[in-house]
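Heads up: the structure comes next, in C-alpha cells.
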Amino acid sequence: MGKATLAVFADSDSSNMNESFAHLHFAGGYLPSDSKGWRTIIPSLLAAVCLVGFVGNLCVIGLLLHGVWKRKPSMIHSLILNLSLADISLLLFSAPVRATAYVKGVWDLGWFVCKSSDWFTHMCMAAKSLTFVVVAKVCFMYASDPAKPVGTHNCTIWSLLGAIWVVASLLPLPEWFFSTTRHHAGVEMCLVDVPAVAAEFMSLFGKLYPLLVFCLPLLLAGFYFWRAYNQCKIRCAKTQNLRNQMRSKQLTVMLLSTAVTSALLWLPEWIAWLWVWHLKAGGPMPPQGFIALSQVLMFSISTVNPLIFLMMSEEFKAGLKGIWKWMITRKPVVTSEVQEVPAGNIETLPGKAPSPETQTCIPDTDRCGSPDSSKETTDKVMVPILPDVEQFWHERDVGPSAQDNDPIPWEHEGQETKGCN
C-alpha cells in the first residue's frame with residue numbers, strides 16, 4: 001500500500017505535491033520528492049562527500065593522535081581534533097540517514113532515528129560552531145605572544161571540550177522533543193509535530209536558535225580572528241622570534257579560511273531552515289532542490305575542513321610526507337644465510353680477501369656496552385692467534401730481556417749496531 005501510494009506521489013505534478021504537503025514540517029532529513037532524478041543525485045553526492053571526508057578526517061585525526069603520543073598535546077591541536085571528530089561523526093551517522101531517506105522516499109528507519117536525526121546533526125554542527133569561537137580566542141592569545149604557551153593542562157582541555165559538547169547538545173533539544181513519526185496519506189513520515197501549547201515556545205526557538213548557533217559564534221570568531229591577524233602583521237615587522245611569528249600567521253590564516261568556508265557552505269541550510277520554520281499559511285514552500293542541495297553543502301563542510309588542514313598546515317604536510325616515505329621505502333626484511341667456512345680452509349677468492357679492519361673490528365654498540373655484555377661478546381667471538389705472536393708475548397711475560405734490566409742502555413747501543421753489521 002505504501003509503495004503504491006509513493007508511486008502515485010512520484011508520478012504526480014510537483015505543484016499538487018507542494019500544495020498537499022504545504023502544512024507539514026518534515027524532520028530527520030526526510031523530504032518526499034516528486035522527482036526520480038533528485039532521489040538519485042542527492043544520495044550519490046552524499047556518498048561521494050562521505051567517502052572523501054572520511055578519508056580526510058581520518059588522516060587529520062591520525063596525525064593529531066600521533067603528535068599527542070610523541071609530545072604533550074596543545075590547546076589548538078586538541079580543538080582541531082574536536083572539529084575532526086564532529087565532522088567524522090556527521091559523515092558516519094547523519095549523512096547516511098539523509099541518503100537513505102532520499103532513496104526510499106518513505107520513512108522506515110524507526111521512531112528513535114526520526115527523533116534523534118535532526119538533534120544529532122545540529123548538535124555536531126553547534127559543537128563545531130562553538131569550537132571555532134574557542135579556536136579564534138586561543139589563536140588570538142597565541143598571536144599576541146607566540147613564545148608563551150596557552151594553557152595546555154589535560155584537565156583544562158578536557159573541561160573545555162566537555163563544556164562545548166554539553167552546550168551543543170542542549171541547544172537543539174526541542175527538536176528531539178517534537179520530532180516523531182506520523183502516517184499521512186498512507187505513508188510513514190518523519191515530522192515535527194508541535195502541539196498548540198508549545199507553539200509560542202517553538203516560534204521563539206525558531207528565532208533564537210540560528211542566532212545562538214550561527215550568527216553570534218560567527219561574529220565572535222570573526223572578531224578574534226581579525227585581532228589575531230592584525231597582531232601577526234604588527235609582530236611580523238619585528239625580527240625577534242621570527243619563526244614563531246610566521247607560524248602564528250600561517251595558523252591564523254588556516255583557521256580563518258576554515259571558519260569562513262564553513263560559514264559560506266552552512267548559509268544555504270540556514271536560509272532553508274528559516275524559510276521552513278517561519279512559513280506562513282498559504283506561503284510558498286522552498287524548492288525541493290534548494291533544500292536538498294543545502295543539506296549536501298552542509299555535509300560538504302566535513303570534507304572541506306580536513307582538506308584545508310592538510311593543504312595549509314606545514315605540520316600536517318610534513319606528517320603526510322613522512323607517512324608517504326614510510327610506505328614507499330618499507331621493504332620486507334631479508335634474512336641472509338651465513339655459510340660457515342671450515343677452520344682449515346682459509347683460502348679466499350682473489351679480490352675478495354677481507355681487509356684486516358673487517359677481521360678485527362668490533363661493533364660500536366658492543367664496545368660501548370656494559371662490562372658484562374663486552375665479556376659475553378669476547379667469549380662468543382674467538383679471534384685466531386698466530387704461533388709466532390703467541391711465543392713473543394710468552395717470552396716477554398715469562399723472562400724479561402737483558403735490555404729491560406740494563407741500567408746504561410745507550411752505551412751498548414753502538415755495539416748492537418756493529419754486531420748487526
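Even glycines carry a Cβ here, placed using N, Cα and C.
Among the features that Swiss-Prot reports, compositional bias 'Basic and acidic residues' is placed at 364-379 (among others).
The compositional bias 'Basic and acidic residues' annotation in Swiss-Prot covers 409-421 (among others).
In three-state terms derived from DSSP, Cys114 (disulfide bond) belongs to a helical segment. Under the heading disulfide bond, Swiss-Prot lists Cys114-Cys190, citing sequence analysis as support.
The annotation N-linked glycosylation site is assigned in Swiss-Prot to Asn18.
For 346-381 (among others), the entry in Swiss-Prot reads region 'Disordered'.
Taken from Swiss-Prot, the feature region 'Disordered' applies to 394-421 (among others).
Here Swiss-Prot flags 1-44 (among others) as topological domain 'Extracellular'.
Taken from Swiss-Prot, the feature topological domain 'Cytoplasmic' applies to 66-74 (among others), supported by sequence analysis. For the topological domain 'Cytoplasmic' (66-74), DSSP puts the residue distribution at 5 helix, 0 strand, 4 coil.
Residues or ranges marked as topological domain 'Extracellular' in Swiss-Prot: 96-122 (among others). For the topological domain 'Extracellular' (96-122), DSSP puts the residue distribution at 21 helix, 0 strand, 6 coil.
For the topological domain 'Cytoplasmic' (144-156), the model's average pLDDT works out to 72. Look at Swiss-Prot and you will find 144-156 (among others) tagged as topological domain 'Cytoplasmic', backed by sequence analysis.
Residues annotated as topological domain 'Extracellular' in Swiss-Prot, with sequence analysis given as evidence: 178-204 (among others).
As annotated by Swiss-Prot, topological domain 'Cytoplasmic' applies to 226-258 (among others).
Taking DSSP states H, G and I as helix and E and B as strand, the topological domain 'Extracellular' (280-289) has 2 helix, 0 strand, 8 coil. The topological domain 'Extracellular' annotation in Swiss-Prot covers 280-289 (among others).
Sequence annotations record features per position, and here Swiss-Prot assigns topological domain 'Cytoplasmic' to 311-421 (among others) based on sequence analysis.
Sequence-remote contacts of a segment are chain residues at least 6 beyond its ends whose Cβ falls under 8 Å from one of its Cβ atoms, and for the transmembrane segment (45-65) they are 77, 80-81, 84-85, 87-88, 91-92, 95-96, 98-99, 102, 296, 299-300, 302-303, 305-307, 309-310, 315-316, 319-320. The transmembrane segment annotation in Swiss-Prot covers 45-65 (among others) and rests on sequence analysis.
The transmembrane segment annotation in Swiss-Prot covers 75-95 (among others) and is backed by sequence analysis.
Over all protein chains present, the Cβ of Cys114 (disulfide bond) has 25 other Cβ atoms lying within 10 Å. For the recorded site, Cys190 (disulfide bond), the DSSP three-state label reads strand. Between the transmembrane segment (205-225) and the transmembrane segment (290-310) there are fewer than 3 Cβ pairs closer than 8 Å, counting only residues 6 or more apart in sequence, so the two stretches are not in contact. Only residues 6 or more beyond the boundaries of the topological domain 'Extracellular' (96-122), in the same chain, are considered here, and those with a CB under 8 A from a CB of the stretch are 2-3, 6, 9-10, 27-33, 38-39, 42-43, 46-47, 50, 89-90, 171-173, 175-176, 179-181, 187-190, 213, 292, 295, 299. Taking Cβ-Cβ distances under 8 Å and a sequence separation of 6 or more, the neighbours of Cys190 (disulfide bond) in its chain are Phe26, Ala27, Gly28, Tyr30, Ala101, Trp107, Leu109, Cys114, Ser117, Ser179, Thr180, Thr181.
Counting Cβ pairs under 8 Å to the transmembrane segment (123-143), the stretch among 75-95, 157-177, 259-279 with the most such contacts is 75-95.
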